[in-house]
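Taken from TrEMBL, the feature compositional bias 'Low complexity' applies to 54-70. TrEMBL lists 71-81 with the feature compositional bias 'Gly residues'. For 298-309, the entry in TrEMBL reads compositional bias 'Acidic residues'. Sequence annotations record features per position, and here TrEMBL assigns compositional bias 'Basic and acidic residues' to 321-332. TrEMBL lists 123-251 with the feature domain 'TFIID subunit TAF5 NTD2'. Residues annotated as region 'Disordered' in TrEMBL: 54-81, 298-352. Residues or ranges marked as repeat 'WD' in TrEMBL: 380-421, 453-488, 495-526, 537-578, 579-612, 621-653.
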Amino acid sequence: DRQTLVAVLQFLRRSNLRESEEILRREARLLGDDLGGSAAAVASSSPGVAAVAAVPPGKGEPRAGAAGSLPGAGGATPGDWGGPSVGVEARIYPGLLGGEVEGVVVEDQPDVSAVLSAYNQQGDPTLYEEYYSGLKHFIECSLDCHRAELSQLFYPLFVHMYLELVYNQHESEAKSFFERFHGDQECYYQDDLRVLSSLTKKEHMKGNETMLDFRTSKFVLRISRDSYQLLKRHLQEKQNNQIWNIVQEHLYIDIFDGMPRSKQQIDAMVGSLAGEAKREANKAKVFFGLLKEPEFDVPLDDEDEEGENEEGKPKKKKPKKDSVGSKSKKQDPNAPPQNRIPLPELKDSDKLDKVMNMKEAARRVRLGPECLPSICFYTFLNAYQGLTAVDITDDSSMIVGGFADSTVRVWSVTPKKLRSVKTAADLSLIDKESDDVLERIMDEKTASELKILYGHSGPVYGTSFSPDRNYLLSCSEDGTVRLWSLQTFTCLVGYKGHNYPVWDTQFSPYGYYFVSGGHDRVARLWATDHYQPLRIFAGHLADVTCTRFHPNSNYIATGSADRTVRLWDVLNGNCVRIFTGHKGPIHSLAFSPNGRFLATGATDGRVLLWDIGHGLMVGELKGHTDTIYALRFSRDGEILASGSMDNTVRLWDAVKAFEDLETDDFTTATGHINLPENSQDLLLGTYMTKSTPVVHLHFTRRNLLLAAGAYSSQ
C-alpha cells in the first residue's frame, strides 16, 4: 500500500534512521514502485470512499522471519524457505487520515499509546448517544432488504464509540452509552461485551489485549453496494462526522455487487472478533487433492487365517486392489505437486505398515445410514489427575492420555504389552543378523500395560502419536512441546518456542513435521530434527486452540478463540482461507479423507462444514448442547462423528451433507450461502454416555468407532 510506505519512510527520516530508510526503499523498489512521494501525496488522497477501499494498515500476515524483524533495526530478515519479505508490512499502525502522518513501527505488540491515540478526535461526548440512536433509527426504518446488512454496523460502532468515550475520559457518558445500547447487540457478542463493560477508565485500556485487537484489526463488514450507498448518503446528509470517521478508520467495508443478503445468510457468517473474512482472503488457489500413494507389491498371505477358500479369494485379489489403489497414477488435478514440500522417505517398516493397512481396509465395513458403526468407549475411571488430552494410534494399538498433573500416560489397548528397548550393554550381545532381531532388542522385564512419562511442569493439553508409532508429542501449559520415544519411553527433545501455554499439537500424516498452537495466538510448524520452528503462522486475534494437518500435509488448519478457522500454506506460511461463522471459540477440526472438506466444532455446539476449494460454508449441523471437543470422519468419509461435553456422540450422514452443493461462481463471489435446515435429516444417531464428556474420537482401520473421555461424577 503506497500511502503506508510513504508514511513509514517519512517516519524513518524524521527519526534519523537513514539506513533503515534505504533498506525499505530498496525493498519497495522490488515492488516496482518508486517512492519519491511526499506527505502531500498522503494528505491529498481523498478521505472519501478511497479510504474505505484502501487496504487497512496492519493487515499483513507476517511471514516467518518477518514477524519479529524490526525495520528500524536493519530491515527484514529473509524467511526460512523463501526470499526476502518486507518486515514492515507486519505491524504498522499509522492513523492515516489526518494530514499529519504518524507511523509507528513496533516489534511484536503494538505500542499501546500509538494505537489508542487514534481515539483522540474529540467529538462532543454528550452527542454520542444521539449519533448512535440516530443511525439506529435510520437503519431500523430502512427497507427490509437493507436493514439486515446495515444492522451489522451496530456492534463495531458501539464498541468504538464506547472506547472513544472512555479513552477521552468521559466516564459517565461512556457508562450511560453502554447501558443504553448494549442490550441491542447480538447475543453472540455477550462475552466480548462483558470484557468491554469492565473497561471504564483510560488506564484499563492499556493492557487489554482484546481491545487492542479490536482497535488494530479493521472490523470487516460485507455489504452490497446499494446498502452502502444508502448508508453513505445518510451519514453525509446528517453531517454525522463522528460515525463517518469511525466507519472510515476502523471498519473495512467489503462491497459486493448484487442482491443484499438476508438476515439468515448474514447470521450464518458473522460472529468472529473481527467481523467476516474479506472475500479476497478466500480467493487463493488451494491444492486440496491427495498425494499419490507410493506403489509397491502386496505380498500374498499363503497361510490364510480363516483357511476358507471363499475368504482367500478376495485376498488373492488384493494385489489387484493395490493396482486399483494405483489408479491414482493419474495425478488428482487438485493435488499439490508431489515434491511441493519435502516429505520423508518411506522406510521398510512404513511399507509393511501400509500393507497391513491395505489388508485391514479389505475387511473394512462400508458405513452408511443403513450400516452405522459400533462404538467402543474407553472411559478413564478415577482420573482424579484430570484428563486433558487423548490420542489413539492410527492402528488403534495404543492410547495416550495427557493429564492436569503434568503426566503423560500411554496404555496398550491390545494384549501386546508395552516394552522398552534393552540397555546398550545388553544390545551389544545380540546377533544383529538374526531374523527376529526386532523382538530380541525388547526387554521383557519392562513389559507393562501402562507407561507414565514425566517431564512437563504443567497440565498437558495436547498429545499426538507419530504415524509410525515410534514417537509421541505432548504440549503443555509450561510452554513446551516434548517429543517422546516409544522405544525407550523417555523424552528426546523439548521444543521451546511458545512463551505461553501450548493448547494443541499434531503430527503430519507423513511424520517428521508437526504443528503447535497456543496462547500467544500463533501456530508454529516444526520438524522433529530442528530446534527452531520452520514456519510461524501469525494472524489469529486470540489463542490458537486447535491445530490439524490436511491429509496431503501441504496445509494446516487452526481454530482459535477469536471464533475463526484459518487454513495456512506450509510452503510459504501464507494464510489461504479464513472461515467465520462460529459464535464461540473453536475446539475441534477434522478434514474429510478426500481432502475437500473441513468440519469444525466450537463452544456454540454447532458443527460447521466448509468447502475448502471454494472457501465456502456448505453446512451446519445442530444438535449438540455443549462444546464439541471431538470430530472425526470415518475412513471412507461416509460418516462424521462428533463428541461433546454434553456426554453424547452423534453420527451424521456426511455423504448426504456434501452432495449437490451449490458452489457456483455467484455464491463464491458474493457469499450468498443458503444453508439447508436439514440437521435432523443428517443426524443418524445420538449415543449418550452415563456421565462422561467425549474428548476424543477415532475410527479404526475397519471403521469401528473408538471414543474416549473421563468419567465425571457430578
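Think of each number as a place in line: the chain as shown, counted from 1.
Yeah, the Cβs are placed from backbone N, Cα and C, and that goes for glycine too.
The model shown is predicted, which means the values in this text are computed figures rather than measured ones.
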Fill in: Model confidence over the repeat 'WD' (537-578) (mean pLDDT, whole number)
94
Worksheet item: Taking the repeat 'WD' (495-526) as reference, which of 380-421, 537-578, 579-612, 621-653 has the most Cβ pairs under 8 angstroms?
Response: 537-578
Worksheet, complete the sentence: Reduced to three DSSP states, the domain 'TFIID subunit TAF5 NTD2' (123-251) has 102 helix, 7 strand, 20 coil
Discussion item. Cβ under 8 Å, sequence separation of at least 6 from the ends of the repeat 'WD' (621-653): give me the contacting residues as numbers and ranges.
Written reply: 361, 364, 366-369, 372-373, 375, 377, 584, 587-594, 599-603, 605-609, 679, 681-699, 701, 703, 705, 707, 709
Worksheet item: Per DSSP, how many helix, strand and coil residues does the repeat 'WD' (537-578) have?
Response: 0 helix, 24 strand, 18 coil
Worksheet, complete the sentence: If one takes Cβ-Cβ under 8 Å and requires six or more residues beyond its ends, the residues near the repeat 'WD' (537-578) are 61-64, 67, 79, 81-82, 90, 209-210, 213, 217, 271-274, 277-278, 281-282, 284, 286-291, 335-336, 340-341, 343, 503-510, 513, 515-519, 521-525, 584-591, 593-595, 598, 600, 602, 610, 612, 615
Discussion item. Let's see if you can do this one: DSSP helix, strand and coil counts over the repeat 'WD' (495-526), in that order.
Written reply: 0 helix, 19 strand, 13 coil
Worksheet item: Mind checking how the repeat 'WD' (453-488) divides into helix, strand and coil residues in DSSP?
Response: 0 helix, 19 strand, 17 coil
Worksheet item: What are the DSSP helix/strand/coil residue counts across the repeat 'WD' (579-612)?
Response: 0 helix, 20 strand, 14 coil
